């Protein structure tokens, strides 16, 4: 019995984290089910939902084949640390168990966007306020240049007139506590991103896809400070759920219903699953490679469209030739056909 309880605890610890779909367009189909998704394949799910290829096939039944000719214009990935799952409203959200919760990044997706849409300068924003880590490329440099990213900037932003402090029910949270301010500053970042994007709506209407990756650790710090059973943690969790729902609705609306908003909740990352060793049998790299970055070929945005057009036209022509040949081969012209008719000269001779 004790062994069974231990196994249940281990399973709950491994599969307690969640990967949720807050919003998705009709062209991206996520099936309802309890299929676990490995943590290291989260970037592949984001890439496939945007229409990009991945190195390894993803045999996960949660993501179905959607409309190949209508891909989402934006992917928004929000990762919340410090909690297994949030009390999201049932029915409006699709959630899957997350196994092997290892640290991941969307750098591969960002690189695909840069290589395919380098001339259109799409918006790529990766932000972790608690670590003061920010990565902005393309039009994000000009649009989000006023976004508060450092802790000092976030603190000053909170005490301005149009901050979220004036609209959020703080309840047990305090404005004078650094941990609480860190949590509230992350909510301010969510609000500012949607607010800045609403002033530049033309960015959400271009042909290049956009990527937003946000890492929120404020709830984790509140749990460490007050405890997960504290009133502060419960209030912060409820405030975060409301803020995430509003943020998802705003981003989904700004992109005209053509955006995927995803949420990853992780209690803690399992760093023991990360392999950092190298084998001594690893093949040696060339001393002077032609390209040290191993860059992929730059394909045109219309590559998949043209390929499908040529493919189906060739299939249609091949079927037309086969059907025509079959009909000619089995054609019975009959005795009234011109093939069997006799000329007038032949009739006179007879």
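Positions of Cβ are set from backbone N, Cα and C atoms, glycine also.
Here Swiss-Prot flags 1-16 as signal peptide, drawing on sequence analysis.
Look at Swiss-Prot and you will find 17-302 tagged as topological domain 'Extracellular', backed by sequence analysis.
Beyond its flanks by at least six residues, the transmembrane segment (303-323) meets 51, 68-69 of its own chain at Cβ-Cβ distances under 8 Å. Under the heading transmembrane segment, Swiss-Prot lists 303-323, citing sequence analysis as support.
Sequence annotations record features per position, and here Swiss-Prot assigns topological domain 'Cytoplasmic' to 324-350 based on sequence analysis.
Here Swiss-Prot flags 346-350 as motif 'Mediates retrograde transport to the ER'. Residues belonging to the motif 'Mediates retrograde transport to the ER' (346-350) score a mean pLDDT of 62 in the model.
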